[in-house]
């Protein structure tokens, strides 16, 4: 009887040891799977980062070789993005941009910029023109979009252009009144203006001024038409 009980105890101990070993083996297997998963995840992340870096390097190589396709620029609102300028100033800049965008493609390329600088009386070398574009060429397409064109005046007004910069020369000779009184003068001017008026009230005032101007023009046209009808009627009698 005692031997039988002892045998049961031994068998029970053996089962416990076997189950413990199995559990330990299962835990080791789980740890190994987790470790493998982490390694795989790290490999995926590394591959992803490598692919992103590779894409950037390929993009840079295409730009250097002149084979890069221009990226589509996001639609932007110049009146909200460039709040330091009035609506009239931005419209003046837009008219100037369209004047020199002879290709009507929404960009000023190297040759169009060359013509612009010549007409402004400040011709530049080929390298100088390329450097001018590079200063504001955010998408590296080798030409100026309207937003990048506005950046020229933004940087000039903020004092971010060197005195000998071709872009600063362009801004000063453009006949667009952005109150560029030297680098420091322009910066102080816009800081004082920003403190004097909020962008919202300034924007509303300009819209109202434009509406009033259109009303005055319409009234003048009505008066002219009425005067013409009276004159015509007098001759008809």
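Every residue, even glycine, has its Cβ placed from backbone N, Cα and C.
Mean model confidence of the domain 'EF-hand' (88-123) amounts to 94 (pLDDT, 0 to 100 scale). Feature annotation from TrEMBL assigns domain 'EF-hand' to 88-123 (among others).
Residues in the domain 'EF-hand' (124-159) partition by DSSP class (helix H, G, I; strand E, B; coil) as 23 helix, 1 strand, 12 coil. Residues or ranges marked as domain 'EF-hand' by TrEMBL: 124-159 (among others).
The coiled coil annotation in TrEMBL covers 193-227.
Below 8 angstroms of C-beta separation, residues 78-79, 82, 129-130, 132-133, 141-146, 149-150, 153, 166, 169-170, 173-174, 176-178, 206 of the same chain, each at least six residues beyond the ends of the domain 'EF-hand' (88-123), sit close to that stretch.
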